[in-house]
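Enquirer: Just dropping this structure here.
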Amino acid sequence: MDMEIDFKNYQLSHELRGHEDDVRGICVCGNAGIATSSRDKTVRYWVPDPTDKRKYESSKILLGHSSFVGPLAWIPPNPDFVEGAIVSGGMDTMVFVWNLSNGEKFLSLKGHHLQVTGLVLDDEDIVSCSVDCTLRRWRKGQLVENWEAHKSAIQAIIKLTSGELVTGSTDTTLKLWKGRTCLHTFAGHSDTVRGLAEMHGLGILSASHDGSIRLWSLTGEVLMEMVGHASIVYSVDSHVSGLIVSGSEDCSAKIWKDGACVQSIEHPGCVWDVKFLENGDIVTACSDGAVRIWTSYQERIADPADLDSYVSQLSQYKLSRKRVGGLKLEDLPGLEALQIPGTTDGQTKVIREGDNGVAYAWDLREQKWDKIGEVVDGPEDGMKVALFDVDIGDGEPIRKLPYNRSDNPYDTADKWLLKENLPLTYRQQIVEFILQNSGQGGVALDSSFRDPYTGANAYIPGGSSSMSVVSAKPTFKHIPKKGMLVFDVAQFDGILKKITEFHNSLLSDPVKKDLSLSELEISRLGAVIKILKDTSHYHTSRFADADIALLLKLLKSWPLAMIFPVTDILRMLVLHPDGATVLLKHVEDENDILMEMIKRVATNPPLPQNLLTGIRAVTNLFKNSPYHTWLQKHQSEILDAFSSCYSSPNKNLQLSYATMILNYAVLLIEKKDLQGQSQVLTAALEIAEGENIEVDSKFRALVAVGSLMLDGLVKKIALDFDVENVAKTAKAF
């Protein structure tokens with residue numbers, strides 16, 4: 001390999017437009033084409049434009065995933081696939097194989113419990129990795145083996161030319177595999193390993209959330225570390241020329257040579273994936289929905305108009321992102337706004353001066369605007385952060401003091417004095433300076449001090465000799481969710497009327513007459529409903545075993561289209577203390593009647609009325625702690641059975657499913673069940689990101705996500721799922 005090549009800057013060659021959301025993955029299909037995956041739930045296949053060697057045109061759109069699509073792999077043409085095939089994995093836990101001859105789904109591989117994050121071909125096998133910590137090997141559409149490869153989410157997998165597999169994980173390590181045997185564990189990154197690539201003849205490249213790229217020998221030695229990105233590095237790739245390319249959250253693709261960054265290509269969004277083409281061109285996948293090809297060859301550079309258009313895209317993106325204290329720079333008034341007098345002493349105004357925002361305060365006595373200082377972006381939208389110039393005196397240099405108007409000035413002063421290594425005796429002077437310059441004179445404030453590093457209090461003359469340390473844990477209005485939600489309203493008369501109608505229908509059918517009810521059974525059902533109606537006596541009323549046995553008999557024997565009113569009685573029965581207790585005996589039997597009911601109502605094609613009453617019955621079980629062990633044990637089966645509900649056009653089904661997910665989040669946080677929390681997080685994010693989802697359903701899903709992140713064990717996994725982008729979308733929603 002010639003590492004002494006002359007480097008020429010890459011420039012835009014072509015933009016591939018078609019995806020409607022973030023482009024998440026790229027697969028180079030030899031010289032035949034390029035496949036891309038997206039948050040828009042599609043895979044697109046692009047082929048070279050025969051009229052222009054710089055360009056590609058859309059050839060196939062592969063539809064089938066129910067959530068965003070990530071990893072891709074290419075199966076070259078063979079007797080089974082004349083034009084080759086694409087393998088895709090998604091957040092919906094599915095792996096699909098697509099025939100490129102017709103764009104149809106050829107195989108559906110179901111087995112992973114959480115998001116599929118990586119795919120490789122190993123001879124004729126497909127190997128997939130997932131957030132569920134497993135590797136799964138598929139052969140001719142069948143799962144032939146699977147094993148837990150890491151104790152945390154697996155984020156990437158590659159196959160080396162020598163035949164071994166390499167995985168990267170949220171546990172910060174890489175592992176080298178021969179079959180199911182781990183040959184070596186590579187430790188060194190300080191955060192999630194997100195992307196992997198082979199550096200031909202040298203070793204393995206890894207991209208990490210810690211902002212670095214590392215080159216490892218196969219024995220685990222770090223040969224090179226490349227640092228330059230300002231945020232998470234999502235992807236990395238290498239070329240036979242010796243060049244390396246990386247993509248990052250910092251909106252850039254960086255090109256590296258001999259360990260040094262030789263070019264940084266700005267993008268109007270996060271760069272999710274990067275790949276080299278065989279000819280040395282680079283393909284990037286961006287959160288703005290565009291796929292871009294970059295070249296160092298003059299004859300393949302885009303036309304001047306396209307280059308100007310891209311510069312304009314970048315400029316607009318930067319302007320839209322530039323914020324000063326939570327305010328958009330482009331929305332700020334210019335200096336002409338200072339010609340308008342203020343109305344009150346200390347009134348503040350932020351003015352755009354070039355590419356900066358500058359704060360001014362109105363001096364009522366002098367009738368003029370005084371410059372306070374430059375406003376910088378705060379940690380959250382809506383915070384106005386002024387940089388004050390502080391002259392300590394005593395020959396000390398002028399120092400910059402950042403201040404959020406929403407902060408307690410005493411907290412700001414304490415942290416700043418500690419940071420600047422200045423004595424706390426300056427504290428009151430700094431507070432008064434902040435109040436005077438921010439127009440907050442006369443505001444009553446909490447002056448209690450807490451060292452932000454030790455949590456200790458400062459001594460204040462005349463104050464109490466001891467102060468309690470206030471918990472730094474944030475508090476929110478809706479999270480973490482406590483307690484369970486239930487569906488406790490029922491139209492009992494309507495339920496009984498529908499059961500009677502179905503009974504009469506069975507009675508008049510010679511074939512099904514034996515399934516009809518006896519007079520005693522009709523009377524018993526009436527008695528059950530009478531007890532359920534009388535909520536004021538729930539503490540004393542009782543059910544006979546025969547009452548429950550009758551309901552279970554109908555659930556088992558009645559035609560599928562007729563069981564929903566019976567399931568609805570069951571939904572209300574589990575909210576009755578004695579009803580729930582008697583039913584539990586049947587649930588704990590070998591023949592678990594509840595799982596039978598769930599499997600029945602979810603039978604394909606499921607009837608909406610069966611799904612609705614079934615999922616609401618399960619949701620109400622959370623109200624009774626004796627059912628919690630059963631709910632935890634059968635969580636995967638239950639979520640799988642009702643997984644179609646979130647995308648149903650039926651708004652009531654959506655809400656019922658979201659409510660069950662929220663209850664599961666509360667339960668599994670209490671049980672400290674990491675695997676269960678991960679699966680529920682995936683389901684909640686699917687709802688939060690889904691299209692045409694009813695607003696209350698989205699809200700409950702977001703409360704589940706927030707609760708799991710705040711009190712659960714999956715905050716790191718949620719960040720790997722790009723939950724920040726989900727939150728931004730939800731905020732706008």
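If you go along the chain as it appears here, the first residue is 1 and each next one adds 1.
Cβ from N, Cα, C; glycine included.
As annotated by TrEMBL, domain 'PFU' applies to 361-448. Residues or ranges marked as domain 'PUL' in TrEMBL: 477-733. Marked as repeat 'WD' by TrEMBL: 16-46, 62-108, 186-218, 226-257.
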Enquirer: Please compute the mean pLDDT of the model over the domain 'PUL' (477-733).
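Expert: Across the domain 'PUL' (477-733), the average pLDDT comes out at 89.
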Enquirer: Where DSSP helix means H, G or I and strand means E or B, what are the helix, strand and coil counts for the repeat 'WD' (226-257)?
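Expert: DSSP classes over the repeat 'WD' (226-257) add up to 0 helix, 19 strand, 13 coil.
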Enquirer: With helix taken as DSSP H, G or I, strand as E or B and everything else coil, how many residues of the repeat 'WD' (186-218) land in each class?
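Expert: DSSP composition of the repeat 'WD' (186-218): 0 helix, 20 strand, 13 coil.
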Enquirer: By DSSP, what is the split of the repeat 'WD' (16-46) into helix, strand and coil residues?
Expert: 0 helix, 20 strand, 11 coil
